[in-house]
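Per TrEMBL, the features are as follows:
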type	residues	note
TRANSMEM	49-73	transmembrane segment
DOMAIN	65-167	domain 'G-protein coupled receptors family 1 profile'
TRANSMEM	94-114	transmembrane segment
Amino acid sequence: MFKKKLNNVAAVMDLKAGKHLVAPAINNISCTHNRFAGHFFHQIGPFDVLQALFIVLLTFLVISANLMVILVINSRRYAAYIHPQPRYLLTSLALNDLAIGLLIIPFSALPALLHCWPYGEIFCQIQALLRGALSQQSAVILVCMAVDRYLCVLHPRIYHKRSSKKG
């Protein structure tokens, strides 16, 4: 009995050894559904328009605020007051948020308005990848900032001695 189970496991392992992992096929038919066949502008309500306008406003706010942070932190006037390591980390966090404002947020206005995904399957997968990757990158940058501040507060002599542009 035990040997039979081992043989079954070996057979399953052999079957899986020759195959590659493949993402499941996604059929994006949300905007080609029958309810969108004719006029879908009559299905757009005032709340949908308000939500889309809010997304557009949010896009401009995210882009302008992060550009301002990047320019101010890296200007010659304020660079002397901020240590290089926190400045690099803040700049990378602002660049990451700027990428979110340029690559993710603007493309959510039309789906909020139409209640479907009009961009297609490949762009859907790219958006999902970008959302996950950029949020993970933000988390990693925040952890690095926390470690940097921890070392600066608890070990200031070692921190300032070892932290430089090369370090």
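Backbone N, Cα and C atoms are what each Cβ position is placed from, and that goes for glycine too.
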By DSSP assignment, list the helix, strand and coil residue numbers for the domain 'G-protein coupled receptors family 1 profile' (65-167), in that order.
84 helix, 0 strand, 19 coil
Looking only at residues six or more beyond either end of the transmembrane segment (94-114), which have a C-beta under 8 A from one in the stretch?
31, 36, 40, 44, 48-49, 51-52, 55-56, 58-59, 62-63, 66-67, 69-70, 73, 123, 127, 130-131, 134, 137-138, 141
For the domain 'G-protein coupled receptors family 1 profile' (65-167), what's the mean pLDDT in this predicted model?
90
